[in-house]
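To start, the structure under review is shown below, and the notes come after it.
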């Protein structure tokens, strides 16, 4: 009783405090319930057909001079409203949910469910203990699949030889896109589970303990000192892909010497580049192209296979008596002259130069994923489970760019030593094998004392930008990639005491000025008046590849560009020449190039066969289409002065902070990203509003920009198809404008590479169901934004959904002409049209002179540059 009375007394005394505490707890509970309800609601719409469980996230970032980062993972996202901001060294700017939206669940249209993924049940063979297929019995590695996105689930159509239980292996089987790849994965996993895939122990021949890595300094005066023996000769292995033939020619021009040898492997997917390289090699006896080609994906086992096969080829070419093997990519460039490199290697002719990770081995093994089993198929590296490092050896690794002696290459290629044979088996199922195989073989061999911990390169690592898991669509791991050099990085290229002779990476589509600076530093300036020193061209389409490599958006845009240009030729011609300047396009464009000047994108160059309206043969014309800027900076406050640019596009590259889709060509099925660039200044919170062509407010969200934030970007999860036509993105603060930009969602004239049919146009050009781009409606913002009444725009949009043929082309051309203008036309051959000058005489045509990327004959000193 006494205790009860005391409790009652305490309750009466502190009843106000207790009531306040209960109220706070109740409020917190309501908030938690509200947000969990939003997540559950989204999960109910998006999660009914769940994909296989994501891979477990790893931790940490990339190792020094190694491309591996951490285990791949999609990571969990809490709802749809997490955005990203990029700001090195400062907290991430946040995208927060706008409070101006209202829920409209009653009219929500759920997306079509994805294909049913295979179950995660155990997979068993026909009988336990059935004999396993040996490694030699595997099907060949498939060339199918795409590195543009992770392979999609398919039905199980294979027969595993054992019970597969590991979660990594089951996930890989569920995601592999072909039966052949699934069978390969099952065979590898069964062999591994039986203990017959990986070597248990590997012999070590090196008698040294610890790492043998003598430091070698470099003094430029050494290049003038007499050599010990004849100057060394180098076999350059160039591993290239993509379409940047002009940058490759520029690299070859810089490193070429008639005493060296050049062997070029072009990725199997890069047919245009292969044709150009084959033509290039015909002019030089010491330049050859591999007669075979492979698909070499980032981090894949195929890269090591390609190197070993290339090394064997180089050893067996008659008359190629080389001393060193140096691998390069098209994004490399020399930082010292050939004379300096030859002098240095001649004084160290018995050394092998490989860059090590520079940290304890156990951590490197974890970061690099060496304790995990991988297999490559469908152009993807699949993580299949854990494994043990073989006993008896020291595992090393780091960079996959190296300088190796001929004797070591012969040992790796020809030896029967169990050390090499068993390590080749181990690295066949290893992520990034070229970053570790040669290091580990050398450090455990009798030649271990020849190792120098320096690969003679300087690499532009910026891990805050380069380690963003950008390869997770190719490998089940998080990887890193170096950044491109820019002029502000030039001091890093001038290593004085450390011997470095090459640098990477360089991309002329990102920055060509730094190459000009480096080239001038090495070889001096070009003669005065040399053309095209600031210009750069890169092919993006060639008719020999066929239209299959083009998206419907690009095919639509390129053909529309040709029509706009030919119309311009007729209207811009002098009156007397008008009949001679009327053309009709014939077929599809024959080629398309990106054109840059002074490191700014200048537009597309389209080469098109055109039939004159007057009598005469068809002519080949090249047309220059230039994008028109649409950014408006509207604010007058200090916060508004922070905004530098506002862009919308696709293929955003967070490492280089640019859109790889130059010009922002996008269609109804694309997923655009809005990117803002900021100067430093006071913190601010801004609202981003997207408005479609019929004045539907598609979405609205807030971004918080910290003091030192440089870039913010967010891709709203808009329902598709997007309505074709001009869109507007506004940036506001307290509903006062800071900036505005317009972008075009292009009406498509092609669908699956065929002219658009009416039944396809009726849904592809109609916008999303019920005009709802999000699960919430933002149309209540129309009055705040002072948007026009939508009725007329809606009627026009409805008419547009019925267009096909010439009427559809006219609409597409009309919309495109609001964002692009014809900047030039020229004739590749003779033309009676007086307003068309020859392309070779222009400064902008892809056929105009480009001396910096033209090779020419070998000079008296054995060089090209």
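Every residue gets a Cβ built from N, Cα and C, even glycine.
Swiss-Prot names 239, 296, 297, 298, 400, 401, 481, 504, 505 as UDP-alpha-D-xylose ligands; from the candidate set 267, 323, 378, 417, the record adds 267 to that same site. Taking the Cα of residue 478 (disulfide bond) as the reference point, the closest of the binding-site residues 239, 298, 401 is 298. When the C-alpha distances from residue 448 (disulfide bond) to the recorded positions 298, 581, 833 are tabulated, the minimum falls on 298. Neighbour density for residue 327 (N-linked glycosylation site): within 10 A of its CB lie 22 other CB atoms from the protein chains shown.
Counting Cβ atoms from all protein chains shown, residue 162 (disulfide bond) has 20 others lying within 10 Å of its own Cβ. Residue 298 (UDP-alpha-D-xylose binding site) and residue 480 (disulfide bond) are 10 Å apart (CA-CA, integer value). Nearest Cα neighbour of residue 327 (N-linked glycosylation site) among the listed recorded positions (190, 206, 296, 401, 504): 401. Annotation note: residue 239 (UDP-alpha-D-xylose binding site) sits in a strand segment as assigned by DSSP.
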